[in-house]
Amino acid sequence: MEQSHENIDGKHQEGWRTLLTGKNLCLTLALSGGICLHAINVYITITTLPSVVRDIGGIDFYAWNTTLFILSSIISSALTSRLLNYFGPRNSYGLATLIFLIGSMVCAMTPSMPIMLLGRVIQGVGGGILLTLSYSMVHIVFAQHLWSRVLAMMSSMWGMATLLGPALGGIFAEYDVWRGAFWCLVVVGIPYLWLTWRVLPAQNPNEQCPQQPIPLQALLLLSFAVLAISLGSLSQDKFIPIGGMLIAILLCVRLVIIERRGHNTLFPHGTFHFSAQLAPIYLTMALLGLSVQTEVFVPYFLQILHGVAPLLSGYLAALVGAGWSSAAILSSSFKPTIAVRIIRLGPLFTLIGLITLALFMTKIIQLEQLQIWIICLALFITGASIGAAWPHLLTRVLQVSVGSESQKASSAITTLQLFSTAFGASLAGMIANLAGLSVPGGMDGAKSASLWLFVLFSLVPCFALITANIVANRVNLSSKNEQEGHK
């Protein structure tokens, strides 16, 4: 049933009150909670892994905890649209949460590193599905005028996780009870399972996607690309990561060719056709997500180059997440005309943030007492510039994908986000190592690595400026066509 423009305007003005009261509040908690569980788990594991290795051994497999987790998350996220279509929202959430909880319990009770890795794979499967379901459910359970606010809430969960995850994991690691961190996930996950079972619909009330076979060839290419990136980044040799990156790029090129020609595709149709609506949106999101992968080295640079204490350096690095979360929530209430400007200008401020970090982190420009404050501001701006545009880009994905492609488009958000994160982290590590982070290391190595890392990564938002402008122009064109259609 169509609603009058007056009713739509009234609901738009109610804004956050509409979203955060009654059943909408429960639905928001259900969708945001899945992302929160996944994100906090990421940061808890990073914080507790040193304690895990000291207790059960397996230092040679240290990095595999992240590699296998990301790989299983990407594979499961790519299959989520089919899971949702087959089982429905309620059962899909229940299955994903149970898988995640089982993986957490395996990690909590593990006697050895191989069992720990098994638990991480299971966690990744459950977490990847939860992450993807959250985006897939927005257009199913919420009215369109609430989409940007819901997506902003979901985006803010990552910022919350950057604060809660390390703190929670650090407490358990400090008292040498790291298993308690994983049990904590189980304790939180059980009531979350009950919540999703109570509030989510059993069936998708909007549409059903036609049953299609799993696109195994595309899925294998994507998986091997992730493995090539991850395995290359594990090597201490300077040139093996470059080889891994090149192999991953070749596999991705092959994936694009298959997706462009195929009918049974992993990604929605139009993802790799730049004339289509989805292609520039996805590319903008991937480039913006890639831009912030320098943050993994920020604590190290702050400690070595500026003498900041380890704990404080970790929380200063979290300013990227804090900026992302706060800007996402704030910008979600803006009018569509302002949202278009934010999409257009977001990459510009990301570029400004990264260039500022290149100048001040490396002490090319020194302002004594203001040095750290300017670095903090640059970190916050880098995150905020992306966070402000993020809910509007996500909303645009949902708006332009209709019918049987909508669930596939929502799943692709997570798949591309996880892949760009893995690619960006590996690229950042490769640049830092080639620039001297390990050899010569120390102050000189950190200064050289910092300069090259931020300068080269500042090229990424330059490309994002181009794609974001294409997205903004197409949004304006769509709005103009809609207005002419109403006349």
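Backbone N, Cα and C define each Cβ position, glycine as well.
Here is what TrEMBL says about this protein:
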type	residues	note
DOMAIN	27-476	domain 'Major facilitator superfamily (MFS) profile'
TRANSMEM	25-49	transmembrane segment
TRANSMEM	61-81	transmembrane segment
TRANSMEM	93-115	transmembrane segment
TRANSMEM	121-143	transmembrane segment
TRANSMEM	150-171	transmembrane segment
TRANSMEM	177-195	transmembrane segment
TRANSMEM	216-233	transmembrane segment
TRANSMEM	239-257	transmembrane segment
TRANSMEM	308-330	transmembrane segment
TRANSMEM	342-360	transmembrane segment
TRANSMEM	415-439	transmembrane segment
TRANSMEM	451-472	transmembrane segment
_Residues of the parent chain within Cβ reach of the transmembrane segment (121-143), under 8 Å, 6 or more residues beyond its termini_ = 11, 24, 27, 31-32, 34-35, 37-38, 41, 68-77, 80-81, 83-84, 89, 92-93, 95-104, 106-107, 150-151, 154, 200-201, 204-206, 394, 398, 406-407, 410-411, 413-415, 418
*Listed stretch, out of 150-171, 177-195, 216-233, 415-439, 451-472, that has the most CB pairs under 8 angstroms to the transmembrane segment (93-115)*: 177-195
_Is the transmembrane segment (415-439) in contact with the transmembrane segment (239-257), using at least 3 Cβ pairs under 8 Å (sequence separation of 6 or more) as the test?_
yes
_Folded-back contacts onto the transmembrane segment (25-49), same chain, C-beta under 8 angstroms, at least six residues removed_ = 19, 62, 65-66, 69, 73, 93, 96-97, 100, 104, 120, 123, 127-128, 130-131, 133-134, 137-138, 141-142, 150, 153-154, 156-158, 160-162, 164-166, 168-170, 172-173, 178, 181-182, 184-185, 188-189, 192, 195-196, 198-200
_Would you say the transmembrane segment (150-171) and the transmembrane segment (415-439) are in contact under the rule of three or more C-beta pairs closer than 8 Å, pairs 6 or more apart in sequence?_
no
_Can you see whether the transmembrane segment (150-171) and the transmembrane segment (308-330) are touching - at least 3 CB pairs under 8 angstroms, only pairs 6 or more apart in sequence?_
yes
*Among the ranges 61-81, 177-195, 216-233, 308-330, 451-472, the one whose Cβ pairs under 8 Å to the transmembrane segment (342-360) are most numerous*: 451-472
*Counting Cβ pairs under 8 Å that sit 6 or more residues apart, are there three or more between the transmembrane segment (216-233) and the transmembrane segment (451-472)?*
no
